[in-house]
């Protein structure tokens, strides 16, 4: 019976690590392409600090109310563009400004920046009364984040369902070293 204690302790430690520190996830869909591909495996650091350009996973239930297939288990993966209190503004050709500073979007193509980033008629959230348009700015509310998918042309993100509450965020994504874009993804998450 002495062999059972190491197994029990190991299971308890595994539960604690998976619940509070990190877990693994699969990328579903193309909204983060080309940086993260559908089916790609990533690590999810649950206690990591959320920074601008961090890639996060969050529970979409109750946030994306426009998508009928969202369930309590639905998770989205997106890039944090705006932190609580940030002023977000798009100017001509999709140039992104945060707090009046031009933000590099080197992780996506110029075409994605100019064509896919902005749809002039896109309402951020009808309930919020904010419309995302050229030369219009908005401030991210306290305790919430503004997120976008890297594949801006097809991504269902904060432009459509509004801000993501911190309470819905499950953690920050880290790509494995064998991932094609792991240096790019992990370096942005470390900033």
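For all residues, glycine too, the Cβ spot is worked out from N, Cα and C.
Automatic, uncurated: that is what TrEMBL annotation is.
Record note: among 6-28, 29-51, 6-28 is the stretch given as transmembrane segment by TrEMBL.
Residue 31 (active site) carries neither a helix nor a strand DSSP state and counts as coil. The Cβ neighbour count for residue 78 (active site), using a 10 Å radius over every protein chain in view, is 25. With a 10 A radius on its CB, residue 31 (active site) counts 22 other CB atoms from all the protein chains.
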